[in-house]
């Protein structure tokens, strides 16, 4: 008999990707609308959680409850029609559980898939007519599943389902508070079981909103109530993709091991035996560029900034994944993932400042404050400006997905108030550390680079380097894109973590292999190339996002298309910084290792 309050969340559509608040449509409203406090992640996702006129009593079923009666005018009819046309769904929440519609599937054994939220309405034609009409789902049959406590009389809610119907309700006489419907009457035991005479959406039509609620006992314990929402469609494909990627990793590891053993062992022993000057001149290979290999590259400032940003990103992703693996960021904690990532990004500024300044000192730079400022501002400013433009577009559509002005200011404060000072603190620690010493001395005059074979062309080898890291994350990427753009839960962080580790190893190894080939052909400009080799996988990621857009998504509105590509651009840019930094550090360690093991006369 305890009261249960249903809350309403945003209206969502996979066709437009623009969420709207529930009361942007002329639905029945409670006496006063109370907005729930949302965390940062929820606001950024466009969640707007409000109270609703739907109230139940625990374990007391009710039939044909009338919520309200609305008469449509031109404006309200148009609003409903647009949302029905764009296939919007209504999301509700009871006891922190999202509302689902069970859909029967005949090709699976247990045969039920859950879809989030119910459609605002449906499109259809009357028999014998060509004209397409819109019908609204105005009768909701809720099912609340509960698990009874074996020792007490209390029960806990473990499921919240709905079957929506479109019914043209009828009644006798004038409409007043006490009117009884003839189409749905609890006393005559007439329940709504189908949408045979549906309620059309047109100007001047009246719509009566009604609902039933029934309670079902369930064996699902409260702790496992999310399991039905998170049923993994097919985990074999994840294992398959992981095994597939591991093959790539083994192959690359074999190559790296061969290079290390065969070449280095043979080369080093050979070089150390070379005593006479004449024999030394005949030798070619990576040994010859020892005087140039640690020469600072062009645009070394920019490289320091990018490496620092990459370290910041790497730290954020790593810690987020560990938290997610431990179950702190489950989907039941709405917006938790987003909030965690933002806060971690801000705190990882410490490491960004430290790593960019350490590298800058190696390049004998003197203006460390300039580098620190660039590290603190360059990447976030780029992301923020893209985000700002996209937000203006969403705002123009009057969508609830637009980040409110107050939240924008909060984000800027996080960035300027916490992130920037931390980058400076990190730099300050880095500048006081002794400079990293090069294993070999750099000569005064740069050596000439011989003509390179076609396959050692920088563009070609950079583009080849990105294929393998991208291949390693491809399958998981598909699931992540589906969960973001088709509004499903993503929670398989275990698989994601394995894939992340594979990505790190692949990036490191492919860069080392290509870097070694490059040094062997006497081309010592490896600094930028090592960053771009693994970073180029971001280009493939963006191309795949475009492919996904045209093959899997049903987006027709230009604004939604711009949003999709804008967000995917941010993701690809971040991926570039992440993978590039991994490749750079791998190559950095590798060159220092091989040159420190050679005696140089």
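Residue positions begin at 1 at the first shown residue.
Placed from the backbone N, Cα and C atoms, the Cβ positions cover glycine too.
Whatever TrEMBL says is automated annotation, not expert-curated.
Taken from TrEMBL, the feature transmembrane segment applies to 239-261, 303-329, 335-354, 375-396, 402-425, 462-486, 492-519, 531-550, 562-588.
The transmembrane segment (462-486) is not in contact with the transmembrane segment (375-396), judged by fewer than 3 CB-CB distances under 8 Å for residue pairs 6 or more apart in sequence. Between the transmembrane segment (492-519) and the transmembrane segment (303-329) there are at least 3 Cβ pairs closer than 8 Å, counting only pairs 6 or more residues apart in sequence, which means the two stretches are in contact. Relative to the transmembrane segment (531-550), the listed stretch 303-329 leads the set 239-261, 303-329, 335-354, 375-396, 402-425 in CB pairs under 8 A. Same-chain neighbours of the transmembrane segment (375-396): 18, 304-305, 308-309, 312, 349, 352-353, 356, 402-403, 408, 411, 415, 419-420, 423-424, 427, 559, 562-563, 566-567, 569-570, 573-574, 577, counting only residues six or more beyond its ends whose CB sits under 8 Å from a CB of the stretch. Long-range contacts of the transmembrane segment (402-425) within the same chain: residues 40, 43-44, 46, 308, 342-343, 345-347, 349-350, 352-353, 372, 375-377, 380, 384, 388, 391, 394-395, each at least 6 residues beyond the stretch ends and with a Cβ under 8 Å from a Cβ of the stretch.
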